[in-house]
Amino acid sequence: MNNYKLQAPYEPNGDQPEAIKKLVKGVNTGKEFQTLLGATGTGKTFTIANVIQQTGRPALVLAHNKTLAAQLCNELREFFPKNAVEYFISYYDYYQPEAYVPVSDTYIAKTASINEEIDMLRHSATRSLFERKDVIVVASISCIYGLGIPSEYLKAAVKFEVGKSINLRSYLRSLVENQYTRNDIEITRGRFRIKGDVLEIGPAYEDRLIRIELFGDEVEAIRYVDPTTGEILESLEQVSVYPAKHFVTPKERLESAISAIRSELKTQLDKFTYEGKLLEAQRLEQRTKYDLEMLKEVGYCNGVENYARHLSGREEGSPPECLIDYFPKDWLLVVDESHVTCPQLHAMYNGDQSRKKVLIDHGFRLPSAADNRPLKCEEFWEKSKQTLFISATPGQWELDQCDGEFIEQVIRPTGVLDPVIDVRPSEGQIEDLLSEIRIRAEKNQRVLVTTLTKRMAEDLTDFLSENKVRVRYLHSEIHSIERIEIIQDLRMGEYDVLVGVNLLREGLDLPEVSLVAILDADKEGFLRAERSLIQTIGRAARHVEGVALLYADNFTDSMKRAISETERRRTIQKKYNQVNGITPKPAGKKIENSILSFLELSRKLDAGGLSKDLINIVNNKTDAILGSSDNQCLLEELPDLIEKLEIKMKDAAKELNFEEAANLRDRIKKLRQKLARNN
């Protein structure tokens with residue numbers, strides 16, 4: 001039974017109906033690989049949404065970075081509001097892997113900061129895969145890393161059912177074994193508390209509490225409860241509480257793992273002793289024996305992931321179980337921007353192994369640590385049964401898997417043509433660019449400028465700023481979420497120009513951009529290859545007046561091919577518009593904060609409030625309007641006001657002032673409705 005309910009204010013048109021028909025037919029007939037070659041702005045995501053809806057398969061949509069994954073997730077959530085569209089990326093805000101530098105005899109311990117909200121979204125994804133068929137998981141490459149054992153994770157779930165008698169002490173022990181902790185004062189995700197005949201649990205996979213009401217040993221009621229106000233949100237007949245961590249090891253398996261680790265330790269110590277590596281042997285023995293004691297006493301140790309092979313009972317060299325193994329057998333893989341994502345997949349394993357080998361050779365880890373790894377590319381494709389590659393510029397590897405065949409989608413639903421390409425000499429390019437920027441700024445349009453080096457981007461940004469241009473610089477040191485904010489500020493008109501090096505390409509949805517300027521377009525190389533040029537030019541393909549300026553003194557082969565392909569598409573698009581009487585019109589895509597509000601990455605403190613820098617911004621902007629009528633607030637002030645009121649609501653609840661908290665909650669609800677109506 002197909003449970004997907006696709007909701008969209010428009011029907012497929014242009015090339016979309018034919019592309020959908022061919023892709024669906026390929027999936028239903030068991031085709032292993034298919035490629036959708038879709039030009040920028042032709043609605044590839046909508047096409048894929050239709051394919052998922054018509055095939056009814058659980059789907060994994062793979063993106064090559066967090067920013068694009070967030071954008072895709074938001075778009076798919078809009079198309080499937082009644083289905084489970086989940087988000088799965090690395091949960092590290094900061095990650096420094098364990099490493100050793102032999103030249104300087106420097107050991108670097110692993111340090112990491114885990115983002116609780118992303119961890120919750122990851123748990124939500126695996127829970128949905130166990131409980132529903134209508135699931136779309138949008139993930140980054142981190143999904144190919146080990147994620148426990150799905151069968152053990154499912155088996156460890158603690159089940160409650162209304163009318164059933166339970167042994168409360170036994171159930172509490174099960175929660176503790178599943179890495180929940182008891183805290184009778186404050187309950188958050190991963191904690192539980194018991195007061196009289198009421199057990200409350202903060203599940204790892206959502207921000208609602210589960211309340212189990214008992215009458216003696218019998219479960220009398222199961223409810224979802226608002227953690228702030230205590231309001232009952234929903235009553236249930238039964239519920240499964242999944243473990244607080246994905247890595248679940250039963251007691252009997254832990255004992256056999258400890259035995260296997262001891263055996264491997266002895267073998268490696270004998271090897272080091274035979275080779276005369278006494279320092280390495282002493283180091284390994286000391287570290288491993290300490291870890292074994294920790295595992296024996298508390299079931300956990302620092303760096304426990306390095307013993308994953310033994311803890312999961314895998315054979316040496318066997319692939320780890322990852323997110324893919326949580327999917328049912330008939331799932332569908334969609335690889336977005338495949339020309340970038342596939343090479344990433346193929347490179348992850350080798351980079352991981354080179355670091356691990358140094359640690360093993362110098363006695364910091366046992367050889368089995370090498371099996372705590374991402375999937376090899378061949379292991380990944382073996383687990384993937386049916387794949388759709390999506391790209392405006394598919395790589396040769398993807399085309400080879402499809403025997404050179406692809407499904408083309410060139411016509412935009414808006415009728416907008418590919419950008420006009422204008423090649424100009426590099427002499428005087430900066431002054432020329434400045435005049436073009438001023439023309440666009442007067443029309444309230446946006447400009448992207450891409451340079452070859454970081455230094456050039458910095459210097460250009462300084463020059464434009466000195467000439468009273470509202471400009472920002474996007475570079476690799478900016479965190480993913482700040483990057484989303486910068487891109488959104490560009491769309492909202494906070495500034496007119498965005499300068500970058502290699503960050504202004506795949507997947508950025510910027511309908512307000514009418515001009516893309518490529519400096520030094522004739523410098524042949526990765527950043528000015530045919531595929532890179534087509535992708536960069538495509539950033540102006542959503543605007544009716546889209547233009548790509550290429551500053552160059554020579555025509556390279558890459559430039560010729562990119563220009564030729566763009567002209568080919570323009571010819572097809574122009575002919576289609578003439579035949580069908582279509583006049584190009586703006587995309588009119590909403591500017592929204594949904595990505596930022598959806599992620600909420602590192603914006604909250606451990607106590608649950610907003611980050612200090614954001615609080616300062618919110619305080620400055622909203623102190624004046626907190627006391628005024630909500631109807632007097634400007635639309636752009638509403639998000640900040642809502643966040644400020646949420647802080648006050650949580651503070652009121654902590655002080656047990658539930659009446660004020662409830663009033664604030666109702667006020668927030670009305671403000672959200674007002675915001676939704678105007679978006």
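Our numbering is plain: 1 for the first residue shown, then up by one each step along the chain.
Just so it is clear, glycine is given a Cβ too, placed from its N, Cα and C backbone atoms.
For GLY38, ALA39, THR40, GLY41, THR42, GLY43, LYS44, THR45, the entry in Swiss-Prot reads ATP binding site. The feature domain 'Helicase ATP-binding' is assigned by Swiss-Prot to 25-176, with sequence analysis given as support. If you look up Swiss-Prot, you'll see 429-583 marked as domain 'Helicase C-terminal', on the strength of sequence analysis. Per Swiss-Prot, domain 'UVR' is recorded for 639-674. What Swiss-Prot lists as motif 'Beta-hairpin' is 91-114.
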Statement: DSSP composition of the motif 'Beta-hairpin' (91-114), residue counts helix/strand/coil, works out to 3 helix, 15 strand, 6 coil
- request: Could you tell me which of these binding-site residues, THR40, THR42, THR45, has the fewest other Cβ atoms within 10 Å of its Cβ?
  value: THR45
- request: Using the centroid of the Cβ atoms of GLY38, ALA39, THR40, GLY41, THR42, GLY43, LYS44, THR45 as reference, list every other same-chain residue with Cβ within 8 Å of it (recorded ATP site), in sequence order.
  value: THR47, ALA392, GLN409, ARG412
Message: What are the sequence-distant neighbours of LYS44 (ATP binding site), meaning same chain, six or more residues apart, C-beta distance under 8 angstroms?
response: LEU36, GLY38, ASP336, ILE390, GLN409
Message: Restricting to the chain of GLY43 (ATP binding site) and a gap of 6 or more, list residues whose Cβ falls under 8 Å of its Cβ, or answer none.
response: PRO12, GLY14, GLN16, GLN409, ARG412, PRO413
- prompt: Within 10 angstroms of the C-beta of GLY38 (ATP binding site), what count of other C-beta atoms is obtained when all protein chains are considered?
  reply: 25
Statement: Counting across all protein chains, other CB atoms within 10 angstroms of the CB of ALA39 (ATP binding site) number 24
- line: Averaged over the domain 'UVR' (639-674), the pLDDT of the predicted model comes to 74
Query: Other than its own, how many Cβ atoms are within 10 Å of the Cβ belonging to GLY41 (ATP binding site)?
result: 23
